[in-house]
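Single-structure report; data block below.
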Amino acid sequence: MGWFWSSTSKEDPTAPNRENRQRCWETRDTYFACLDRAGVVKAGEEGKACEKEHKAYEGNCAKSWIEYFNQRRIIADAQKERLGLRNNSRTPKSDLQGSFFG
Amino acid sequence: MFSLTRSTLYCCPRRVFTASWRSKVQTVQKPVRTHWRTYAQISERNTIGAFTPTAAALFILTGIGLAVYLRNEKQRLEEEREKERALKSYGRPQIGGPFSLTTHDGEPFTQEGLLGKWSLVYFGFTNCPDICPAELDKITAVMNNIQKEHGHIFLPIFISVDPARDSPSRIAQYLKDFHPSFLGLVGAYDTTKAVCKAYRVYFSTPPNADPNGDYLVDHSIFVYLMDPRGQFVEAFGQQVTAEEVEAKINESITQWQKGTGKKV
C-alpha cells in the first residue's frame with residue numbers, strides 16, 4: 001500500500017484518477033462492512049476488530065476523503081435510524097452507502 | 001313568407017304596420033284597393049328587395065361562419081399564447097455572464113467561447129471524493145448519446161472551484177477519465193469567485209488555500225445547460241438522471257430549431 005495522490009509530494013500533486021478513486025472506494029466499503037459486522041458506526045471505535053481493513057483504507061484514500069466518508073457514515077446512520085424507527089426494521093448499511101457513492 | 005315577415009319585423013317595424021294595414025284594406029275596402037295595392041306592392045317589393053331567401057340564408061351563413069372563425073381564431077391565439085408561455089415559463093434566470101478563465105491547455109477562454117454550441121457547465125474540483133466524478137460520468141454518458149444523435153454541437157465544461165490546487169495541467173490529467181470533448185477551465189481566486197457568482201454557485205475554498213493541502217471544497221452541484229447564444233436554459237441537480245438530461249436537451253434543440261431553422 002502506500003502511494004498517495006495528494007499532499008505528500010511537494011511537486012505538482014496530481015489529482016486522483018479513476019483507478020485511484022475506485023481503489024479508495026473499494027477499501028472504504030470493505031472497512032465499513034467490517035465496522036458493520038462489529039456493530040460500530042463511528043470509525044475508530046472498533047478497537048482492533050478491523051485493523052487490516054483500516055490500514056488498506058488509509059493507504060488508498062486521502063485523509064480529507066477518509067474524514068468525509070467517515071462523517072457521511074455517521075450521518076447516514078442517523079438518517080437510517082430516523083427512518084428505521086417508524087417501521088422498526090433496520091435496512092443494511094450498504095444499501096444506504098450505495099445511494100451516496102454509487 | 002313567414003320567415004320573410006319575420007326578417008322584416010326584425011329589420012323595420014314601420015313596414016310591418018304598413019303590411020298589416022294593407023291586409024285589412026284588401027278584405028274590407030275594395031274600391032280604393034288598386035291605389036293602395038300598388039303602393040303596398042312597391043313597399044313590399046322594397047321590403048323583399050333587401051331580404052330575399054337567398055340573402056337571408058347568406059346572412060345567416062355568414063353569421064355562423066364569422067362566429068366559427070372568430071371562435072377558432074380566439075382558440076388559436078390562446079394556444080399560441082400558451083405555447084409562448086411554456087417556452088418562457090420560467091422567464092430566464094440571470095445565470096451565466098462574462099468571465100475570463102484559462103483552459104486546461106493554458107489558453108484564455110471567455111464567455112464568447114460558449115457561442116455557437118450547446119454547453120453543459122459543471123463546477124467542481126479534481127480532489128472531489130465522489131460527487132464530481134459521478135456527475136462528470138453522467139455528463140459523459142449524456143454526451144455519448146446526444147453527440148451520436150446531433151453531431152459535434154456540444155461543449156461540456158468543467159470549471160474548477162479550487163484554483164489553489166487545480167492547475168491547468170492537473171485538470172487536463174483529471175479530465176482524461178471523462179468525455180474527450182471536456183474543456184477544463186480555471187482562474188485566479190477572484191475570477192473563480194466572479195464566475196461562481198455569475199452562475200450562482202457556492203464554493204467554500206478560502207482565498208489563501210494551501211496548494212499542497214489536503215482539503216475538500218464544499219460547492220453547489222448543478223449541471224447547467226446553456227444555449228448556442230450562451231444563455232441559460234436549465235439547471236440539473238444531482239438526482240436528475242442522464243436520460244432526463246438528454247430528454248431536456250433534445251426538447252431544447254427542437255425548440256431552438258423551430259425558431260432558427262438550425263440546431264445551433
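Using the three backbone atoms N, Cα and C, a Cβ is placed for every residue, glycine included.
Unlike curated entries, TrEMBL annotations are predicted automatically.
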Of B:Cys132, B:Cys196, which cysteine does TrEMBL list as the disulfide partner of B:Cys128? B:Cys132
Least buried of the binding-site residues B:Cys128, B:Cys132, going by other Cβ atoms within 10 Å? B:Cys132
I want to verify one value. Collapsing DSSP to three states, which class is B:Cys132 (Cu cation binding site)? helix
Other CB atoms within 10 A, centred on B:His219 (Cu cation binding site): 20
